[in-house]
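Trainee: Structure in structure tokens, see below.
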Amino acid sequence: MMQFRLEKRREPSKVMLYATPVAAVVLTMIVGAIIFSAIGYDGVGAVREIFLTPLTNAFKWQDLGVKAAPLIIVGVGLSIAYRANVWNIGAEGQYIMGGLAATWVALATHGMGGWWTLPVMMLAGVAGGAAYAAIPALLRTRLNVNEILTSLMLTYASVQLIYYLVRAPWKDPMGMGFPQTRRFASEALLPNILPGTIVHAGVPIAVIVALVAWFIMSRSVFGYQMRVVGAAPHAARYGGFSENKTIWLALLVSGALAGLAGMLEVAGPFQRMVPGFPTNYGFTAIIVAFLGRLNPLGVIFAGIVMAITFVGGEVAQTTIGLSSSATGVFQAMMLFFLLAGDILVRYRLKRVAPQGEARA
Amino acid sequence: MTLNRRNLLKAGVAAAALPLLGSRAFAQSEPLKVGFMLIGTVNDNGWNFGHATGAKFMKDTLGDLVAEPTIVENVPEGPDCERVLRELAQSGHKLIFATSFGYGDYVIKVAEQFPDVRFEHATGYQRSDNVATYNARFHEGRAVCGTIAGHMSKTGKAGYIGSFPIPEVVMGINAFVLAARKVNPDFTITPVYISTWNDPAKEADTARAMIDQGIDVIAQHTDGPAALQVAEERGIVGGFGQGADMSAFAPKAQLTSIIDHWGPHYVNAAQAVIDGTWETGDRWPGLKEGEVQIGPYGESVPADVVAAAEAVKNGQIDGSFNIFTGPINDHTGAEKVPAGVIMTDAELLSMDWYVEGVIPPA
Amino acid sequence: MTLELAIAILVTVVGASTPILIAAMGELIVEKSGVLNLGVEGMMLVGAIAAFVVLFTTGNHYLAILVAAAAGVATSLIFGFLTLSLSANQTATGLALTIFGTGFSALAGQGYSARPVTLLGPLFPSELAAHPIWRVLFGYSALVYFSFALVFSVWWFLKKTRAGLILRAVGENDLSAHSIGYSVVGVRYMAVMFGGAMAGIAGACFPLLLTPQWAERMTAGRGWIAVALVVFASWKPFRLLAGAYLFGLVMTMELYAKASGGPLSVIPAELWAAMPYLATIAVLVLISLRRDASTNAPACLGKPFLPSN
């Protein structure tokens, strides 16, 4: 009987690093089509509408850009943190606090804004996100409290903060009593950069953020430090890199970028703060970070792939009546394949003769 | 029921007349594509189910004049809905219904880009040349429920499970207690907001909390039958189905139900687009037009209470009775509406204060 | 407050606490083995729809619970295969599992939403629970007694059995456990499957114990509360029991306070809703402030097992 066994590669395979995400997407399309056909849906149609239509229909590209932008910005921040083995899963909360901080600026300066409004909102968003991420950083470095859990708990608290603010102190006096803030003044709205489309300034910002992050991570001491602390904490300590400092940097950077994304969303597509502001970008970006192999350039690709499934999911609803829950199943399937493929980056499959006791 | 039939009849007449028109303009054209955008799933037994049922009613009534309606579920209120709206408009839908309040900004925005597409936004207030708003006077149904509650409650205390304190909900609470206090002047209602439209376990626990503290009639503004099921289990006086007849879940406890019947409106709107007579505006029909209906009365409702409820219903249908007629005091007892004055639609649509008899929440 | 109201509140608290207690107890075992499965919410939803479909089709509550447990195990095996056999990242896999469970349960539940079923009745004959005082002891369904038995069993298993010792060893130091001949991956598989079974049963609590219906996403975030609870309890079964009831009490008192229209109802709803999460952080801080500072977290939590072969 033939057996396979996994053998660790000396170095992660470059080929597999790039091939597995593509393979995951292709496998999802094939397996998804088969499974959905088997249970009585138009499986091929579902795959076509979810994965291909958003790409082939040029009218959908603007949607992909707008949907991918916040995912990329948050995903880049998270990929930096995860490289350093700092598990910030509260990006959703930091995104919300960034949005709220920017909203506060927009409301406080309403009617007296100017060219400086957007930059100040941007600073507020970055500061809001970073400040919220500073709480898990403080607790982790001072008290050794697990950041996965604190950052997650803070996310739920921040959702309630939105509800409270838009229901009571920030409620639009002209909003017919609905829980939402007033629409921002025009100085507090992101400019549209492509006339006739919905593409706002956040889209190029996302690309710039990813490029800058890539440059810093691969070319600077900071990037080196993050990677070393993540990959080999003991070696890092010998090398004089402080683990606490890395934790602080990782959380602040990922929080700041999540906050920036929050600001861009509220000043771009939302144009006011509403209870529906949390749209799971912070959680989806975790997946984007992994899909992009924790590499800022990969995150661009991953953000677009995730955006395709969202946009395509809605296309499939309108064209072939595929329910929204089916899109969720497709997304999960793609992630499963992708995560499964990870192993091929680090290991190779090797055929071995049957063995009695195979202990390493 | 007669009203419902009248609407059916109207639609039927229109449909019958159409082949004449059609031979001129529409015989060779494609059937009208109508899109519906929902905040939740069509399986919620409540709000979204009501709209999906209305969509089906439209298709059944208009037949080949309209294509199979396109329903997009679970669309969040935010940039995602803008994309869905454009997707619908771009894929040839000439009439699009956006059925949640938070879609408003985006409907206006997308409608500017598609001037030949008609949009209708439920529960909203922003309009333009090709954006109309529509809603239903659910508070008329609430007044009927309140009348029943006033008669039947033994403790004189009702509870009202709401999601968020938006005017629509506040209006419903006020109509309910105003009607109940016409029967029992000491009647009170306690609203509890649970900050979610769909957490059935929380709704059920809210109902338990109410019943344990002496409340024996429960109304709710959230989707789903959870509260009614608790009412059934505990054997209190009862509750009311919201959006649809929920007697299957609570055969004894459901005293009656408020049924959303969007169908006639959807038929009329689609017909108007087909005829080229569609106009913007704000449509706010109620019991009279059959858009709000009162479901069958429960077995436990005595004949005299049914008669009282029917009187309130019919009074609202023929226009002789309006629940928001002064004198109306707010919850502190200060007069807000002088005797004989009827509140205007605009006042109702921005109602953010509670009438006397409401124990106001934080 | 009268005695009767106090008892009534207690009964509601028991209902609200039971599913989070059962799910958290499962996750506690998973985390004790060094694995962090963030897919509890997804597994609960799969359990909830499985229980509902079986209950609706057969009318048998106990069969529904069993199938829910099996469905939870099946879902957890996706997670187990990816993270244990293929050493995929646990955080990302757990999140993907929740996306999967949410979508799958909604897909499977289409057509089941307008169907009524009945709750699981009390385990003991109603005569035993006639007096309000006795109701506190004998008035619940089997799921509630199961949750108490579960707490005790888990405590006993971890403290008193050899298998429990091995489980903890695997979670504290996987390499040592491996070197003295234990199958780290095997133990973790068992733990993950147990977590899946408990999450499935916790999901079954929704249509069987709380509200006899199926609604999409009906667990409404309680899977995440269960995850929080494990940390809140610093991985100790009896503390977890106390924590689950504290969370249940906070969630329930909000509703009682508001429904009473009394003085407590001035606290904004949002603050009530945020309280369990803020309390969890506060507890984490308090634990770590103690002299013998250790949060008791399993040392290998969330890290893949990578023997250098």
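Note that Cβ sites are derived from N, Cα and C of the backbone, with glycine treated the same way.
Just so you know, TrEMBL annotations never went through curation; they're auto-generated.
Grabbed the feature section from TrEMBL, which reads as follows:
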- A:21-44: transmembrane segment (TRANSMEM)
- A:64-82: transmembrane segment (TRANSMEM)
- A:94-112: transmembrane segment (TRANSMEM)
- A:118-139: transmembrane segment (TRANSMEM)
- A:148-166: transmembrane segment (TRANSMEM)
- A:198-217: transmembrane segment (TRANSMEM)
- A:247-267: transmembrane segment (TRANSMEM)
- A:273-292: transmembrane segment (TRANSMEM)
- A:299-320: transmembrane segment (TRANSMEM)
- A:326-345: transmembrane segment (TRANSMEM)
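Have a look at these and tell me how they're positioned relative to everything else.
Mentor: Cβ atoms under 8 Å from those of the transmembrane segment (A:21-44) belong to residues 51, 291, 293, 298, 301-302, 305, 320, 322, 326, 329-330, 333-334, 337-338, 340-341 of the same chain, restricted to positions at least 6 beyond its ends.
With a threshold of 8 Å between CB atoms, the same-chain residues lying at least 6 positions outside the transmembrane segment (A:64-82) that come near it are 54, 88, 91, 95, 198-200, 202-203, 205-207, 209-210, 213, 217, 226, 230, 250-251, 253-258, 260-261, 264-265, 268-269, 281-282, 284-286, 288-290, 292, 294-296, 298-300, 302-304, 306-308, 310-311.
Same-chain neighbours of the transmembrane segment (A:148-166): 87-94, 96-97, 100, 103, 132-133, 135-136, 139-140, 179-181, 251, 273-275, 277-278, 282, counting only residues six or more beyond its ends whose CB sits under 8 Å from a CB of the stretch.
Remote same-chain partners of the transmembrane segment (A:247-267), defined as residues 6 or more beyond its termini with a Cβ less than 8 Å from a stretch Cβ, comprise 69-70, 73-74, 76-78, 80-81, 84, 86, 88, 91-92, 94-103, 106, 118, 121-122, 124-134, 136-137, 140-141, 147, 151, 184, 188-190, 200-202, 205, 209, 222, 225-226, 273, 277, 281-282, 285.
If one looks beyond the transmembrane segment (A:299-320) by at least 6 residues along the same chain, the residues whose Cβ comes under 8 Å of a Cβ in the stretch are 21, 25, 42, 45-46, 49-55, 60, 63-65, 67-69, 71-72, 75-76, 79, 206-207, 210, 284, 287-292, 326-327, 330-331, 334.
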Trainee: Give residue numbers and ranges for long-range contacts of the transmembrane segment (A:94-112): same chain, 6 or more residues beyond its ends, CB-CB under 8 A.
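Mentor: Result: 70, 74, 88, 120-122, 124-133, 151, 155, 158-159, 161-162, 165, 170, 181-182, 184-185, 187-188, 254-255, 258-263, 265-267, 270, 272-273, 277-278, 281-282.
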Trainee: Go through the chain and flag residues at least 6 beyond the ends of the transmembrane segment (A:198-217) whose CB is under 8 A from any CB in it; none is fine as an answer.
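Mentor: Apart from its flanks, the transmembrane segment (A:198-217) reaches 62-63, 65-66, 68-70, 72-73, 76-77, 79-80, 83, 190-192, 223, 226-227, 257, 260-261, 264-265, 268-269, 295-297, 299-300, 303.
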Trainee: Excluding the flanking five residues on each side, which residues at least 6 beyond the ends of the transmembrane segment (A:273-292) place their CB within less than 8 Å of a CB in that stretch?
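Mentor: Residues packing against the transmembrane segment (A:273-292) from afar: 21, 70-72, 74-76, 78-79, 82, 89-96, 99-100, 103, 155, 158-159, 162-163, 165-166, 170, 179-181, 258, 261, 265-266, 298-303, 305-306, 335, 338-339.
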